[in-house]
Amino acid sequence: MVRDIVIYPNEILKKPTEKVDVIDKEVKNLIRDMFDTMYEAEGVGLAANQIGVPLSVMVIDTSPKEDAPPLKLVLINPEIKEGEGKIKYKEGCLSFPGLSVEVERFQKVKVNALNEHGEPVELTLEGFPAIVFQHELDHLKGITFVDRLKGWRRRMALEKYQKLLKSRK
């Protein structure tokens, strides 16, 4: 089922999510709905709080991006164990419709999480999948991609976003 995407400045986007203790039918339905919502919005990643659910769950599917390796993941209670290198990439966000900003992130990350079956997974992500993972992990921590900007860059991005919001009304 496609759910509504929470739009910034909704408060849920500013609060850290809660760890998932039990992967029950409700969580499995959430995961299915997250994929449905992400595909409908033509995104490549989605955090649960972006559809109003304050749980530490993300879904990623990089296959729509032609120049990225196809990767489909469900990650529950994810964390970065290690990061290396730096990469700048112009990111968009489903919770900031129409806005894209250049953000610096790790080029490569080692990740621990649970999969949709509750099994521990360790992954090494590099390039675009690493960027998507870090973007979604930030959401789960209550951080948006605009929060990664400093000074005038942040101010300009927020001003541009306000104009985009007004033009949508």
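For all residues, glycine too, the Cβ spot is worked out from N, Cα and C.
As recorded in Swiss-Prot:
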BINDING   CYS93, HIS135, HIS139  Fe cation binding site
ACT_SITE  GLU136  active site
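Known features from Swiss-Prot, placed on the structure.
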{"residue": "CYS93", "record": "Fe cation binding site", "Cβ neighbours (10 Å)": "26"}
{"residue": "HIS135", "record": "Fe cation binding site", "Cβ neighbours (10 Å)": "24"}
{"residue": "GLU136", "record": "active site", "Cβ neighbours (10 Å)": "26"}
{"residue": "HIS139", "record": "Fe cation binding site", "Cβ neighbours (10 Å)": "26"}
Cα distance (Å, whole number) from GLU136 (active site) to CYS93 (Fe cation binding site): 10
Output field, Fe cation shell: CB within 8 Å of site CB centroid, site CYS93, HIS135, HIS139 dropped: GLY45, ALA47, GLN50, GLU91, LEU94, SER95, GLU136, ASP138, THR144, PHE145
DSSP three-state assignment for HIS139 (Fe cation binding site): helix
